Structures are given as C-alpha cells and as structure tokens.
Amino acid sequence: MSRQPYRFPQARNPERGSGVFRLTVRNAMVPLDSEVKEECLREDLKFYFMNPCEKYRARHQIPWKLGLQILKIVMVTAQLVRFGLSNQLVVGFKEDNTVAFKHLFLKGYSGIDEDDYSCSVYTQEDTYESIFFAINQYHRLKDITLGTLGYGENEDNRIGLKVCKQHYKKEATFPSNETLNIDSDIEIDCVHLDLEAFSRNPQDWKNSSFFRLEFYRLLKVEISFQLKGIDLQTIHYRELPDCYVFQNTITFDNKAHSGKIKIYFDSDANIEECKDLNILGSTQKNTEYVLVFDAFVIVICLASLILCTRSIVLALRLRKRFLNFFLEKYKRRVCDADRWEFINGWYVLVIISDLMTIIGSILKMEIKAKNLTNYDLCSILLGTSTLFVWVGVIRYLGYFQTYNVLILTMQASLPKVLRFCACAGMIYLGYTFCGWIVLGPYHDKFQNLNTVAECLFSLVNGDDMFATFAQIQQKSVLVWLFSRLYLYSFISLFIYMILSLFIALITDSYDTIKKFQQNGFPETDLQEFLKECSSKEEYQNESSSLLSCVCCLRRKGSSDHLMLIN
C-alpha cells in the first residue's frame, strides 16, 4: 500500500510563536519528522506572504492591523487638519503684525518691500526724519495703534528704545584735496530712550550729540525695541489665545557708502504663556476635547507601533527557521534577496510614522495647553507622519495587479535612477558654480548658490526661460556672449539629453515589469520552495514587495530582472 503524504491539519500561525512543533499521536508526544517540519514551515511561509484578505479566507483571522491602519489614517488626517487651521492663525497673526509695524515705524513705507529691504533714503535730511519718525511713533504707540500692543522689556530688562550706531574711528580728513583717512576699526555707541525721558523732555533728545551723524564714517544705525501683543482671534475658534513678544529691529544700512541707505525691518515673534487668563464661555471645554482627541491618536499609533514591531520580530524568527532548514537540507545559504523578503518595508514605514505622530501629538498637546510654543517642530513631525501614512495606503492598492504597476516600476528603476542622478549631479554642480561666479554680478538669479541652483532647476523644467535670457545685463559684451553659451549648452544638455535618458530609464523598467506580469516573474529559492507545497491550492505569485534577484536567479539575465513576493 503506497504511503500517502502527510498533511498537517492546520499550519501554525507564524505570528503566534515559534519553537519545535510536536504532535500528539496515541497520547504520546513525539518529535515531528523532517518531512512534517518541512511541510509545516512551508505552510507558515505561505500564510505569512498572504495579504489580509487571503489570511481571512484561509483561517478566518481578522485583519486587525488593516482595520487599525484605516482608523489611524482618519484620525491622523483629522488631527493634522485641525492643527493646520490653528497654525494658520499663528502665521497670519505674525505676518499681519509685521506689516502693521512697517507702516507704523517706517516713514514713507509704500507697502511693498524693495528687494530684500523695506525702503531706502538718499539724503541726510530723509535719514534724520526716518530715525526721528520711528522713535516718535514708538512713544505714541498706544495712541495710534489698532492692535492690542504694549511695551515690552529689552535685553537689559528696561522698557524703551535702544539706539546704536556703528562707525569707523574718526581720523583726520582733507576735503580740499579730496582725500579721506579713516581707521578701519569699528566703534559702537548706544543710547537708551525710556518712556520717562520722552515724558520729561519730549524733543530734547533730538538735540543730543549722539544723533549728529557723520555719514562719511557711518556704517549703520540700529533701533531695537520689544512689543507685546495677544492674538484674540483664536477665541472665535474656541481656542485659548496666545501671547506674543515681538523683538523689532530697524536697521539703516550705510556700509556701501553709495549714497543710498537701505532700511531693513526685522520682527522676531516669540509665543509666551499668557498670565492670568480669565475667559468665560466654552473655550476651556473645547480645549479639553481636543486634548482627549490627541490622546486617543497617541493610543491608536502606539497600538499600531506595537503590532507592526511584533510582526517584524516574528518575521525575523520565521526567517531564521527558513535559513536553518535550507542550510540543513540543501547545504547552502539563502541569497540576500530572499533574506530581505522577510523584512516588510511597509511595516518599517508605519513604525517611523507612528513614532513621529506620537512625538508630534505630545508636542501638540503641550502647545494646546500653552506649555510649549514650538509650532515649527510640531508641524514637521505631524506633516511628515501624515505623508508616510498616506503613502502607506499604496501597500493595500498593491494587492491588485492593475494598481501595483506604479510601485513595481518605482522599485525596479530606483537603483538605476540613483546612479544616473549621481553622475548628472556632478554636471549640475559644475554649471551651478560656473554660473554663480561669472553671471552673479550681472544677473539677479545668479547672485548666490541657492538661487543659481533653483534657477537652473526651473530651466530644466522649462520654466521662465525667456526671462532668464532677457534679464542678463549687457554691460560686458564678453559676459553677455558667455551667458548665451552657458544657458544654451545647459538647456540643450539637460533637457534634450539628460532628462530624456532619465525618462528612458523609468520607461525601460516599466516595460520590464509589464513583460514579467504577462510571462511570469523569475523564481527565487524561496518561491520554488513554496511551490512544492503538497496542498492543491494555488499559490498567488503576485506580491507587494519587489526585490532584486541578482544572487537568486537561476537563469542568465540582466540584474534588473526582479521577483515579487507577497
């Protein structure tokens, strides 16, 4: 009588533990033989590489991680939208106050900044008037401002204005023969004008010798002061208001001595905890609801973090079983590609996203409670985590062959694209440095390395080409000719050659994936082992992860031939 192959009644779930399997036969515990161990391992591997729907059909295992991820997407997105609306109020309040300060303290401000500075003056009289205008406006602030502003203490813990001037050391001058002798050492003189000085002598401070400027050696005049404000618009959105400290600085820059003094206005806003808040209504209760919601998001992300970490740990245990079995039976090691198949990259992405969401939510709760004011760090954490969460949705779309083409093509082309970009980047950097040093004095877009890189990147994408050509100054014929050769060669090289090759690499990977989907993917050791399953059920070869099979393929071919395992 021929021996029937043994079929294990129900394979053990690899996510429920590991160890030596034992079978009860006639009330006696005996070790499983090698054939049963092999069949059990094969069943565990088959189950591990199933998608959630297949696992449910196979063993009616509820896909907890899938449901949790869907809930997390909704919760994290709602949290981000709520925080984004609150952050918009903060940014809008800062920007509105900066514009208001410029109109209040800058004489003749038109409402539009001149380049990187706010406005400029060209005569000594206009310079004095602008300085005195800013000081007088500070003194009359509470009578003229429309906002909830008050005076704040400067770095010396004094309320008032601090006026400093920088100038070269004074030496002998000889205006008759148009010579000038100045010591290059810089002197700094400062004076503090408090509110008491204004009240006692409203105009006497103007006659001080400090304000007798010697423009031929003057470098700059700097007026600094602090103002306090409160953002009351948050109350309409049922949030606690924020209190701000604005460190304002007005700089009259005369370093160039070109006959033009540039006036810069800088306002640095810091959020501080409001003291003695007494707000009636439902604002406090709404804040408590938001804190509870954030705490629930943290719990959801913590559960997702634990489940994904547990899955990775169990996958590593399963991989160890497979490696040991393969080494014992076939006397050789499994290739690196098959080793990496057990590391689910999507789980790693989810873990990173969960960690960022948990930290960002804690910061958000502290900001909501007015214990912290670091909006920028919180925005980066919550924004990046939400990005990763939505990118992770592609994993579930990848279970369908039609939607899986994008992921497969990206993964297949990524190594070649990175190598190609490394080579093209060297040429790009060369053009960047060349354009900066040659065209910088004659073109606004080439004045520093950052703007040069941005300008060249926009040219690669076909943006603003004519304006870049037209804005070059024709003061030097040699530079003008060089600019034409520079721009034409860069555009021709990157658009017609490098960009076309870049697209060709991706297209080639796409064609390879389409052929594999039609004719079948090349098989690795892991797949061949799974195909030997004694079960008559058909095993699905389509997968959610794509790995290079350079060391695994048992046929000749390009290193770009890939294999997909779920």
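Here, residue 1 is simply the first one shown, and the rest follow in order.
Here the Cβ of each residue, glycine as well, is placed from N, Cα and C on the backbone.
Here is what TrEMBL says about this protein:
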DOMAIN    90-275  domain 'Mucolipin extracytosolic'
TRANSMEM  289-316  transmembrane segment
TRANSMEM  346-363  transmembrane segment
TRANSMEM  375-397  transmembrane segment
DOMAIN    378-513  domain 'Polycystin cation channel PKD1/PKD2'
TRANSMEM  417-439  transmembrane segment
TRANSMEM  485-506  transmembrane segment
Query raised in the report: Could you give the mean pLDDT over the domain 'Mucolipin extracytosolic' (90-275), rounded to a whole number?
Result: 83
Report task. Could you tell me whether the transmembrane segment (375-397) and the transmembrane segment (417-439) are in contact, taking contact to mean 3+ Cβ pairs under 8 Å with a sequence separation of 6 or more? Result -> no
Report summary line: Per the Cβ under 8 Å criterion, with at least 6 residues separating them from its ends, the transmembrane segment (289-316) contacts 14-15, 18, 48, 64-65, 68-69, 71-72, 75-76, 78-79, 82, 342-344, 347-348, 350-351, 353-355, 357-358, 361-362, 364-365, 368-369
Query - Helix, strand and coil residues within the domain 'Polycystin cation channel PKD1/PKD2' (378-513) as assigned by DSSP - result: 115 helix, 0 strand, 21 coil
